[in-house]
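Asks: Structure below; questions to follow.
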Amino acid sequence: MAYYFEEPSRTFGEYLLVPGYSSAQCVPTAVSLKTPLVRFRKGEEQCPIEMNIPMVSAIMQSVSGDKLAIALAKQGGVSFIYGSQSVEDEADMVRRVKQYKKGFVTSDSNLPPTATLADVLELKNETGHSTVAITDDGTAHGKLLGIVASRDYRLSRMPMDLSVKEFMTPLERLITAPASTNLHDCNDIIWDNKINSLPLVDDEGRLQYMVFRKDYDSHKENVNELLDENKSYVVGAGINTRDYETRVPALVEAGVDVLCIDSSEGYSEWQERTISWIRANYGDRVKVGAGNVVDREGFLFLAKAGADFVKIGIGGGSICITRETKGIGRGQATAVIEVAKARDDYFKQTGIYVPICSDGGIVHDYHITLALAMGADFVMLGRYFARFDESPTAKLRINGNYVKEYWGEGSNRARNWQRYDLGGAQKLSFEEGVDSYVPYAGTLAEGVQTTLYKVRSTMCNCGALSIEELQEKARLTVVSSTSIVEGGSHDVILRNNNQTN
Ligand code: IMP
């Protein structure tokens, strides 16, 4: 006879934290958000990879490219570069993160000399950057011909079809430096010459990097940045259970720090086989997370198979329609609570702590605090990160509002059928994700800092200065639907939209 769970499965929106005593020492700036990423013998050794913030970005085409990975590592978290691309392209993205030199920017605003003022404005709108490199082939590493900055054009006086050649600052009037110049010297050149950007070129005049005056202070500001022992940013990458024999070696060779099997349902022999292959070929040197699971049995299966962390969540993602199409899944809060208990039991029995990640379904910032309080070591977010400048998708203007594109890995747009393991390489004939827009939200740095300030504040209200302390002290309550209404503004006329709420 079928098994029935006694309790309905619940989501984050059905819970609140009940505050506890907070001492005068308990202030947001004193809170540490350090958290383990991979398995370790807790109490006996240090976790081999610890993050400075409990956030990782989703293994998705519309979220985790190299640019977002760098921005997130600067804040102390880890991106998992999407695996639904060729092995070479994914390894190149990892390599770009590992080889990223702080302060040296690979230009993302480039045009060929045939471009017009209209093209410059369109690109500026897309990237948000006002400096455009003009190269012979319009790429980031073409031969540098000139630079267009805002001071080079006057919209009221110049026709839109004017060629960039007419108004760019040409190479012969630009100050450039050899690609080998160190950051300190670059900044001196910028200050001495009162310029805003310095292009670095190789011996053949090909653009390599740009150094910007506006970045000068930001190199010093990233107190939380997550670096490996060679001072490169830490980065993760998604793999699947089919081509791991070629994908894993390429990613390892590119310098990846941690892998994660990307699958909608992880309680499977396919995942066990993938982890076994990695252990047989690399021992414990290569770290690999697995998932997704939503219960105790799924967690224990992957922990015993050797997963370095286990990801939780089926059907809760903002773009996910798995529950509607297949009728599988579980409320995210219930899944996290049950898996956290299994993780603690496994630790008591074996001395091995396997971190768990709550993946998907974070709608409000406080959901992150709830997930941590319920036992998650960190959270994975897709929609949240897709909104920022650094995500790899286009920024568009719709009905007067800026939005960014965001689509599921199981949508026809991504066609990532490898994350649905049913054996063989057959394509699914139905989608498990949608193609959508999310409101544009500016830079990742500002967004993450605001979010985590809220998380830290709530932790203080619960008397917790660390995630571990939050998990010990948190008191959670299920809220009724009427108290959810009470929790928003109500019975007032809001000034900005004249609505009664
Ligand atoms: P979000 O943060 O709520 O947007 O959820 C992101 C998570 O949704 C990802 O980390 C994946 O686990 C999951 N996901 C990504 N693409 C799909 C899809 O097409 N269908 C179902 N789930 C997806």
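In case you wondered, yes, glycine gets a Cβ from its N, Cα and C as well.
What you see is a predicted model, and the numbers here were worked out from it, not measured in a lab.
According to TrEMBL, the domain 'CBS' annotation covers 104-164, 168-229. According to TrEMBL, the feature NAD(+) binding site maps to D262, S263, S264, G313, I314, G315. What TrEMBL lists as K(+) binding site is G315, G317, C320.
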Asks: Enter the number of other CB atoms within 10 angstroms of the CB of G317 (K(+) binding site).
Replies: 29
Asks: What is the number of residues in the domain 'CBS' (104-164) that are helix, strand and coil, as DSSP sees it?
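Replies: Going through the domain 'CBS' (104-164) residue by residue, I get 15 helix, 15 strand, 31 coil.
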Asks: In the domain 'CBS' (168-229), how many residues does DSSP call helix, how many strand, and how many coil?
Replies: 21 helix, 17 strand, 24 coil
Asks: For the domain 'CBS' (104-164), provide the mean pLDDT of the predicted model.
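Replies: Mean model confidence (pLDDT) across the domain 'CBS' (104-164) is 92.
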Asks: Could you check which of the binding-site residues D262, S263, I314, G315, G317, C320 have their CB within less than 6 A of ligand 1?
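Replies: Only G317, C320 meet the Cβ criterion.
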Asks: If I restrict to non-local contacts, at least six residues apart, and a C-beta distance under 8 angstroms, what lies near G313 (NAD(+) binding site) in its own chain?
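Replies: Long-range Cβ contacts: G291, N292, V294, Q332, A335, S358, D359, G360, G361, M380.
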Asks: Which value in Å gives the longest Cα to Cα span across the NAD(+) site residues D262, S263, S264, G313, I314, G315 as recorded?
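Replies: Largest pairwise Cα separation, rounded: 14 Å.
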Asks: Give me the Cα-Cα distance between I314 (NAD(+) binding site) and C320 (K(+) binding site), rounded to a whole Å.
Replies: 9
Asks: Using the centroid of the Cβ atoms of D262, S263, S264, G313, I314, G315 as reference, list every other same-chain residue with Cβ within 8 Å of it (recorded NAD(+) site), in sequence order.
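Replies: So the extra residues in range turn out to be E265, G266, G291, N292, K311, G317, C320, T322, D359, G360, R419.
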Asks: Validating a neighbour-count step here. Other CB atoms within 10 A of the CB of S263 (NAD(+) binding site): how many?
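Replies: That number is 25.
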Asks: Near the K(+) site, what residues other than G315, G317, C320 in the same chain have a C-beta no further than 8 Å from the centroid of the listed C-beta atoms?
Replies: G313, I314, G316, S318, I319, I321, T322, R323, G329, G360, G361, G408, E432, G433
Asks: Rounded to an integer, what is the Cα-Cα distance in Å between C320 (K(+) binding site) and D262 (NAD(+) binding site)?
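Replies: Cα-Cα, rounded: 14 Å.
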Asks: C-alpha of G317 (K(+) binding site) to C-alpha of D262 (NAD(+) binding site): distance in Å?
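Replies: For G317 (K(+) binding site) versus D262 (NAD(+) binding site), the Cα atoms are 14 Å apart.
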Asks: Which chain-mates of G315 (NAD(+) binding site) that are at least 6 residues away have a CB under 8 A from its CB, listed by sequence?
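Replies: Correct list: T322, R323, I328, G329, R330.
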